[in-house]
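Asker: Straight out of TrEMBL:
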type: REPEAT; residues: 14-56; note: repeat 'WD'
type: REPEAT; residues: 57-98; note: repeat 'WD'
type: REPEAT; residues: 99-140; note: repeat 'WD'
type: REPEAT; residues: 141-182; note: repeat 'WD'
type: REPEAT; residues: 183-224; note: repeat 'WD'
type: REPEAT; residues: 225-266; note: repeat 'WD'
type: REPEAT; residues: 267-299; note: repeat 'WD'
Amino acid sequence: MIWDTASGTELHTLEGHRNVVYAIAFNNPYGDKIATGSFDKTCKLWCADSGKCFYTFRGHMAEIVCLAFNPQSTLVATGSMDATAKLWDVETGEEVATLTGHTAEVLSLCFNTVGSQLVTGSFDHTVVIWDVASGRRVHTLIGHRGEISNVQFNWDCSLIVTGSMDKTCKLWEAVSGKCVATLVGHKEEVLDVCFDLSGQFIATASADGTARVFNATTHECLVTLEGHDGEISKVCFSPQGSRVLTASSDKTARLWDVQSGVCLQVLEGHTDEIFSCVFNYEGDTIITGSKDNTCRIWY
């Protein structure tokens with residue numbers, strides 16, 4: 001469904017998938033297209049304004065669990081339980097490349113900010129950097145001892161951060177593929193990890209019920225965000241970088257001050273675990289998604 005966040009009214013229902021829709025993305029900053037990935041093994045490309053389906057991308061042999069537009073909005077990348085990622089042409093609807101090399105599910109992926117490389121994280125404990133133009137594998141990042149939960153490039157494309165079920169995050173040089181740091185401290189699996197927009201800070205979310213903020217240069221833990229009563233599945237920075245948002249199985253989301261680690265607000269109201277949280281582009285609105293089958297918009 002497409003909603004107007006100002007009024008809370010439903011604008012369009014996107015119908016056509018034959019199973020769970022597991023991944024979804026706008027082609028930001030344009031915002032005129034939406035991609036959806038489903039357990040029906042297809043990805044669909046939609047017009048955000050009319051709700052019309054432009055294309056159905058068919059080719060994966062198993063469920064699609066992650067997807068992303070490239071920054072130019074010319075390609076969609078999809079990751080699947082079939083251990084591959086695929087690149088699709090937004091204009092023609094054709095498959096551009098199949099990225100093969102992982103030996104288990106591809107659970108996360110991310111383009112760098114210029115769109116020249118894609119990074120994928122897998123259940124096989126490895127991370128792969130791909131050249132987008134050729135579809136070739138550039139580096140395989142080996143070192144984690146558990147499934148990869150998330151992967152992300154920093155803003156200037158120089159570093160990649162990875163989170164893993166082995167309770168650690170690792171920082172890698174994108175050019176060399178070399179591991180430059182391992183971020184430790186969590187007592188359970190790391191379920192999410194992200195850079196702030198400037199690339200100065202890294203936030204981690206864990207099944208141990210805490211989030212942490214690290215300095216991306218010195219690799220030291222600056223603050224530990226404590227207060228949730230259950231595992232934290234999602235973490236993100238506000239666009240300005242001064243706040244961290246966390247979503248938890250304790251049915252709340254929390255807003256934290258990055259510098260002090262103080263909890264500024266507890267977002268209460270959902271009746272089941274929250275699995276998704278995000279700031280809008282301006283950073284003055286928060287959207288949460290919950291297992292209670294609702295999304296909530298917080299101003």
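Glycine residues also receive a Cβ, built from the backbone N, Cα and C atoms like all the rest.
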Asker: For the repeat 'WD' (141-182), how many residues does DSSP put in helix, in strand and in coil?
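Answerer: Computed counts for the repeat 'WD' (141-182) are 0 helix, 22 strand, 20 coil.
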Asker: Mean pLDDT for the repeat 'WD' (183-224), as a whole number?
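Answerer: The predicted confidence over the repeat 'WD' (183-224), as a mean pLDDT, is 98.
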Asker: What else in the chain is close to the repeat 'WD' (225-266), if you only count residues 6 or more beyond its ends and a Cβ gap under 8 Å?
Answerer: 188, 191-198, 200-201, 203-213, 272-279, 281-283, 286, 288, 290, 298
